[in-house]
Each structure stands twice: as structure tokens, then as C-alpha cells.
Amino acid sequence: METPRASLSLGRWSLWLLLLGLALPSASAQALSYREAVLRAVDQLNEQSSEPNIYRLLELDQPPQDDEDPDSPKRVSFRVKETVCSRTTQQPPEQCDFKENGLLKRCEGTVTLDQVRGNFDITCNNHQSIRITKQPWAPPQAARLCRIVVIRVCR
């Protein structure tokens, strides 16, 4: 036979376990995936860029096989390409087509996977051939225009 006191104690434990179970998934849900963190970095690139069109993720290198700590910086390496969407359209990059002969940028740096305090330290270089020069004494070479864009967002 169960006493009222034992029943009350069992009810409290059940309530504590329920609350603990509800709290744990929300804590782990605050960690971004590697891809999500890179997409946020691309969004920051688009926000801070002064160029007329926005960029979209083209290629993402493999994630590092590090620890799963969302607060520790993760090395990232990816390429973005210019889209046909203007900065003024406010359209998500994923809905924009790549621009034919659009600029390509190689981006590297670190991101943290913490959804609330996500940090990005990304450097992007664009490399695009702009002309072929031919001199009588040398083989043709591509002249390259390089520009470095640095993104540092700390929250």
C-alpha cells in the first residue's frame, strides 16, 4: 500500500525527470551543424560586401574531425560564387541562380557552432582571370585580379 507521502515524492521525481528531459534537447539544439555555420558566414559576407550582387555557397570542404564542442573554433574552407540576385532584392542566396561568369571567392577561416554566440573569422579571396597577356618573348599568362575580404563577427 502506497502512502500519500511516497506518492507525492514519486510525483516530484517524475516532474524533475520530465523537466530535465525537456531541457537537454534544447541545449543540444543550440549547436549549429558545420554547414549551417558556413551558411551563416556566407550571410555575413553578403551583409558586409559592397558588391552589387550576393554570393551563394558553391563548394564546401570536408569538416574537420575535431571535438564536438560548439564553443571551440572549427577550421572551414569553402568557395562561393556570385549570383544573379541583387543585394536590394533581400532574397535568400539559396533561391538565386549563379551568375554566368560570376566572381568566385575562396574563403577560409574559423567558425564556432554555438547558435547563440556564433563567431566567424573568415577571409575570402577572389581570383578571376581578367585578361590574357602575350609578350613576344613569353608564353601567354593569365593576369589575375585578387581582392581580400575579411569578415570578423564576434557576439
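Here the Cβ of each residue, glycine as well, is placed from N, Cα and C on the backbone.
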Gln30, Gln44 - residue that Swiss-Prot labels as pyrrolidone carboxylic acid: Gln30
Disulfide partner of Cys124 per Swiss-Prot: which of Cys107, Cys146? Cys107
Disulfide-bonded cysteine for Cys96 as listed in Swiss-Prot, from Cys85, Cys146: Cys85
Going by C-beta under 8 A and a gap of 6 or more residues, the same-chain neighbours of Cys107 (disulfide bond) are Ala41, Leu45, Val76, Ser77, Phe78, Arg79, Val80, Ile122, Thr123, Cys124, Asn125
